[in-house]
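What follows is a short report on a single structure.
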Ligand SMILES: C[S@@+](CC[C@H](N)C(=O)[O-])C[C@H]1O[C@@H](n2cnc3c(N)ncnc32)[C@H](O)[C@@H]1O
């Protein structure tokens with residue numbers, strides 16, 4: 001699908017304000033269809049979700065980003081295109097999963113270059129842990145995927161430990177894929193590739209019921 005840009009007066013907000021929503025979300029009502037729904041956690045400036053929304057119009061995309069500054073940059077990218085299949089949330093990912101997502105509701109969860117919190121005293125802030133994996137398992141549909149990329153070796157090793165300790169998901173053949181029309185997976189991936197830094201990618205899958 002080619003990239004189309006809207007004149008300013010035709011742009012609409014794609015931000016989903018959680019405080020104005022009933023929990024859990026009704027995803028069919030939210031998007032007006034029953035297409036598969038994929039979630040990207042920590043969208044940053046929104047390159048991946050924008051390209052994915054353009055390339056896959058028959059998939060619904062939700063992006064969550066905790067920092068308002070980046071969410072606004074992602075909104076600008078999304079809203080200048082006719083992307084009725086994308087919604088963006090300013091909020092914290094684990095709380096969003098716990099409160100707003102129904103059981104068995106997502107086809108894919110993308111987590112690309114999550115903050116590594118390298119200092120030991122900050123490790124408790126890391127997204128990957130038991131509580132996160134339990135939520136991933138609950139909200140993924142049977143056969144759904146968790147796709148992960150990071151450049152940070154220490155966090156990669158931690159993620160491997162978390163994945164190996166859990167019994168909910170199995171290693172999958174599917175890995176994160178660079179969207180067509182982008183020169184890399186995400187903004188961070190492009191930056192790290194240019195610097196010659198290595199990235200690690202993996203994929204896990206919820207077994208069929
Ligand atoms: C290192 S950046 C990567 C951004 C983007 N995924 C990329 O690869 O270009 C991590 C992003 O995740 C966001 N973030 C960190 N913790 C989060 C959380 N718990 N919920 C939602 N977003 C989070 C940060 O604000 C930041 O924008």
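Cβ coordinates come from backbone N, Cα and C, glycine included.
Pulled from TrEMBL, these are the features on record:
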| type | residues | note |
| --- | --- | --- |
| BINDING | 40, 65, 92, 115 | S-adenosyl-L-methionine binding site |
| BINDING | 119, 151 | substrate binding site |
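The structure, with features from TrEMBL marked on it.
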residue	record	Cβ neighbours (10 Å)
40	S-adenosyl-L-methionine binding site	26
65	S-adenosyl-L-methionine binding site	26
92	S-adenosyl-L-methionine binding site	15
115	S-adenosyl-L-methionine binding site	14
119	substrate binding site	8
151	substrate binding site	18
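DSSP assigns residue 119 (substrate binding site) to coil in the three-state reduction, outside any helix or strand.
In three-state terms derived from DSSP, residue 92 (S-adenosyl-L-methionine binding site) belongs to neither a helical nor a strand segment and is classed as coil. The 6 Å Cβ screen around ligand 1 retains 92 from the binding-site residues 40, 92, 119, 151, ordered by sequence position. Residue 92 (S-adenosyl-L-methionine binding site) and residue 119 (substrate binding site) have their C-alpha atoms 21 Å apart, to the nearest angstrom. Of the chain residues outside the S-adenosyl-L-methionine site list 40, 65, 92, 115, 41, 42, 43, 44, 64, 66, 67, 93, 114 have their Cβ within 8 Å of the site's Cβ mean position. The maximum pairwise C-alpha distance among 40, 65, 92, 115, the residues recorded as binding S-adenosyl-L-methionine, is 14 Å. It is 10 Å from the Cα atom of residue 115 (S-adenosyl-L-methionine binding site) to that of residue 151 (substrate binding site). Residue 40 (S-adenosyl-L-methionine binding site) falls within a strand when secondary structure is assigned with DSSP.
Residue pair residue 151 (substrate binding site) / residue 40 (S-adenosyl-L-methionine binding site) shows a Cα separation of 17 Å.
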